[in-house]
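These come from TrEMBL:
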{"type": "BINDING", "residues": "Asp8, Glu99, Glu102, His103", "note": "Mn(2+) 1 binding site"}
{"type": "BINDING", "residues": "Glu11, His77, Glu99, Glu102", "note": "Mn(2+) 2 binding site"}
{"type": "DOMAIN", "residues": "1-63", "note": "domain 'HTH dtxR-type'"}
Amino acid sequence: MPTPSMEDYIEQIYKLIEDKGYARVSDIAEALAVHPSSVTKMVQKLDKDGYLIYEKYRGLILTPKGKKIGKRLLSRHELLEDFLRIIGVEEANIYNDVEGIEHHLSWDAIDRIGDLVQYFQEDESRIDLLKKLNKQAENSPET
C-alpha cells in the first residue's frame, strides 16, 4: 500500500492525466506546491514500486496498478468533498479539510460515507432538511 505522501502524488498525477492528457514533473510540483526535485524523487520511487513508468526528459505514464489506485484516490477525494458540502462545511474550507482527513479514514469508513452521500443525493429534500437543522442548531442558545 502506498504511503499518504505517495497517495497524494498518485492522485495528482492521475488527475493531471485525466484533465490534460499528460503529467509533467513541473505540473505535479505546481499542483502539490513542492519543488520539482521532490517530485523527481517521488516519481522514481513510484516507478520502482510499479505505480508508474518514468523516463527522464520524456515524461511518465501510470501503470494499470497506478491507474486503478489513482482513480480510487480521486474518487475518495471527490466523495469527501461531496460529503462536506452536504453537511454544510463552507466551500472555502472543503479542499483543505479533505486533504487533512482523507488519509486517516479506513476504506470501510469511506464506503459508509459513500452510502450516506448517496442517501442524501437520492432525494434533495433530505439535504434541505439537514440545512434547516443546521440553521436551527446555529440559532439555538447554548446551554
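Every residue gets a Cβ built from N, Cα and C, even glycine.
Between the CA atoms of Glu102 (Mn(2+) 1 binding site) and Glu11 (Mn(2+) 2 binding site) there is a gap of 12 Å, rounded to the nearest whole number.
Spacing of Asp8 (Mn(2+) 1 binding site) relative to His77 (Mn(2+) 2 binding site) is 10 Å (Cα to Cα, whole number). When the alpha carbons of His77 (Mn(2+) 2 binding site) and Glu99 (Mn(2+) 1 binding site) are compared, the span between them is 8 angstrom. Note: the Cα of His103 (Mn(2+) 1 binding site) and the Cα of Glu11 (Mn(2+) 2 binding site) are spaced 12 Å from each other.
On a Cα basis, Glu11 (Mn(2+) 2 binding site) lies 12 Å away from Glu99 (Mn(2+) 1 binding site).
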